[in-house]
Each structure stands twice: as C-alpha cells, then as structure tokens.
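> A single structure is presented below for examination.
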Amino acid sequence: MNADQTLLVLASASPRRRELLAQLDIRFTVSAADIDETPHAGEAAEAYVGRLAREKAHVVASRHPGAWVLAADTTVALGAELLGKPRDAEEAQAMLTRLSGRTHDVYTGVALAGRHEETLVVRTRVTFRALSSGEMSWYANSGEPLDKAGAYAIQGKGGFLVAGVEGSTSNVVGLPLGETVALLERAGLPLPWRAS
C-alpha cells in the first residue's frame with residue numbers, strides 16, 4: 001500500500017490504541033509488529049517503552065515505505081519493578097496485591113518512523129484504593145486483566161480499583177492523545193482540523 005492511500009500506519013495490535021486514535025478522525029491502517037518484548041537487564045521503564053515503541057515503528061516502516069508509522073508500548077512500574085501483562089489470573093492477582101493502596105507509574109513510549117523520526121515517553125501516576133482480597137480475586141478472575149500491563153484496565157471494570165490519576169488517563173489506556181497529536185503535528189501529518 002503506498003503513502004497516498006494510507007498516510008498513517010498504526011504499528012499495534014491493541015484494540016485500545018485503535019479506538020483512541022480513531023476518536024481523532026485520523027485515517028489510518030493497522031499493521032502489527034512482532035518483536036521480542038523482553039526487558040534488558042536493569043532497563044528502566046522509560047528506556048524500555050521508548051525502545052520497544054521505536055523497534056515496532058521501524059519494523060512496520062520497513063513494510064510501508066513513504067508512510068508515517070506510529071507505534072506505542074505501555075508498561076506499569078512499581079518502583080524499579082516492571083509489571084507487564086499477566087499470564088493468568090493468579091499472576092494478575094499477585095500484581096493487584098502489589099499495587100493495592102499504592103501509587104505506581106504508567107509509562108507509554110510513542111514512536112513515529114518513516115517520514116519523521118521521533119520518540120517520546122509519557123508518565124502518568126496512578127493510585128489504587130486499598131483493595132480487599134475479594135475485590136482482587138473477583139477482578140483477577142474476570143478475564144479483563146489478562147492482556148493489560150499491570151493487570152488492570154482503567155477504562156473498564158478496573159476503573160473501580162483506582163483512587164486517583166495524575167496525568168493523562170489516555171496514557172494509562174495505551175496512547176497519550178495530547179502528546180500523540182503534538183507529535184503528529186510536528187511531523188507534518190495532514191490532520192482533520194488543519195486547513196487543506
């Protein structure tokens with residue numbers, strides 16, 4: 001597909017990122033990148049999500065010459081510990097137990113490749129309520145946490161876990177919209193609100 005047909009390619013399989021980007025009425029297609037998402041030893045959360053977003057963007061840009069390629073990656077950090085996606089309900093409950101009653105950071109790396117190269121990382125601080133074992137067990141077994149960094153979806157059932165958010169809520173969902181729009185504007189992407 002050439003750049004005239006598709007100006008922006010979203011390098012993500014995440015339905016949440018697709019939904020967030022679609023809210024902006026920006027025309028795009030999706031082409032997921034399959035990369036190794038294992039953190040490097042001692043890699044900080046900011047460096048980790050920035051690296052993964054860049055790698056995803058470059059893999060997909062090689063398949064779509066001439067297009068802008070947008071990629072993102074999100075992780076939850078509790079101190080230096082990175083909390084990715086739980087493998088099962090038991091691991092989800094263990095993550096929720098660690099997050100209960102505490103403040104953690106959600107980092108999303110956003111990278112643009114192809115016509116414009118730039119990477120940014122956005123941090124949002126999220127505080128969980130003190131959760132009962134029953135709440136954690138119910139939520140962990142609901143199925144919702146299994147494909148979510150940190151084992152929760154703030155935009156879904158998991159919203160009841162949260163006592164407060166400092167920063168971008170869309171960042172916690174997987175794509176910080178304000179920062180992403182600013183990035184696309186800097187790149188010169190034709191956006192719906194710009195005069196033709």
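Each Cβ is built from the backbone N, Cα and C atoms, and glycine gets one as well.
So Swiss-Prot says this about it:
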- Arg16: site 'Important for substrate specificity' (SITE)
- Asp73: active site, proton acceptor (ACT_SITE)
- Thr74: site 'Important for substrate specificity' (SITE)
- Gln155: site 'Important for substrate specificity' (SITE)
> So for Thr74 (site 'Important for substrate specificity'), how many other CB atoms are inside 10 Å of its CB?
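Result for Thr74 (site 'Important for substrate specificity'): 29 neighbouring Cβ atoms inside 10 Å.
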> Using a Cβ cut-off under 8 Å and a sequence separation of 6 or more, which residues in the same chain sit near Gln155 (site 'Important for substrate specificity')?
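Listed in sequence order: Arg16, Thr169, Val173.
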> For the recorded positions Arg16, Asp73, which one has the sparsest Cβ surroundings, going by other Cβ atoms within 10 Å?
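Among the recorded positions Arg16, Asp73, the lowest count of other Cβ atoms within 10 Å belongs to Arg16.
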> So, in DSSP terms, is Gln155 (site 'Important for substrate specificity') helix, strand, or coil?
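DSSP assigns Gln155 (site 'Important for substrate specificity') to coil.
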